[in-house]
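Summarising the annotation, TrEMBL assigns transmembrane segment to 20-41, 76-101, 128-148, 168-188, 239-260. Taken from TrEMBL, the feature domain 'Fatty acid hydroxylase' covers 177-299.
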Amino acid sequence: MKRDSGYSTMAEQQKQEEKLWHAMKISACVLGTGLLVFTALANSVSWYAQSIWDTLGHFWQTTWLEFYYLFEGDEWTIFLLGAALVPALAFWCFNGILMVADVTGKPAFITRYRIQLGKNDPVDTKKLCQAIYVALFNQFFISLPMLVPMFSVMKWWGNTFSKELPTFHWFLVELSIFTIIEEILFYYTHRLVHLPLLYKHIHKKHHEWTAPIGVVSIYAHPVEHILSNTLPVMTGPMVMGSHIVSIAVWFSLALITTSISHCGYHLPLLPSPEFHDFHHLKFNQCYGVLGVLDYLHGTDRAFRQTKAYERHRVLLSLTPLSESIPEAPKRAE
């Protein structure tokens, strides 16, 4: 009897091994086929994308040369236009639309996405005028003069005003490096100005807005504007010796992104502003841009336990997240 039970056990194990081996072969076949199909599709998509980019690249290269010769290669003029005028236009055009919504409460397709319900509805026009004044002051009397030493650094690199534009792939590499540098510098300088002494005399100005709006992104004390707003964005291009076109695009993206983070509206298809909006609401959470360093340092723990964290994603529908993921009702006292 014992022998029979032993044989049956061995037979069962053999069957299980055969089933396992059969399953592994099927899995390998499926995964191998899937990998081949994916590789074929990826190569096809990559080929089409490269073809499109080659066409666009020729257009932008021609446009850049026409622009370059229009100003007869005057590097200082080209640098001012690319590093100052283009980003400033991007900032004020974007925030001009938001300010119309802030002041008038219209159009509804913007205001219905308000994060802090009942706040800035409408915005205090006196506070808004003060914010605009400070933002303009910082742009003209802080950011603009800082472009002078930056211009010298870029001249030293010798690539900034090249007649040949960087490739799209290289720009993506630069953009990744710019973003990492900005995250590191902004996180630590931001935490620095939250130290009690510096907060009282410097950073408190920015936190006058517990429910921020777009233009408040550069509403700050001059020292903070240098440390936290300008240097983290300027450092990447100076380290990489970037082309002026890359600088213009990066500065514009940085200003629009920080405006979105402060705008107070969680709009469809745009990056979520919930993270930084929560910082303005609570002060001691969510110091960074991407949230990576906040996660590593544990400065987003309270945020992760809130409804705002659940809403912290790109909105892919027309239903406001404040409706689909509302705040829990307050307990009656």
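Even glycines carry a Cβ here, placed using N, Cα and C.
Panel annotation: around the transmembrane segment (76-101), residues 67-68, 107, 110-111, 123, 128, 139, 143-144, 147, 150-151, 154, 160-161, 213-215, 218, 244-245, 247-248, 251-252, 254-256, 259, 263, 265 of the same chain, lying at least six beyond its termini, place a Cβ under 8 Å from a Cβ of the stretch. On the 0 to 100 pLDDT scale, the domain 'Fatty acid hydroxylase' (177-299) averages 95 in this prediction. Here the transmembrane segment (168-188) has Cβ contacts under 8 Å with residues 53, 57, 228, 231-233, 235-237, 239-240, 242, 246, 249-250, 253-254, 287-290, 292-294 of the same chain, all six or more residues outside its ends.
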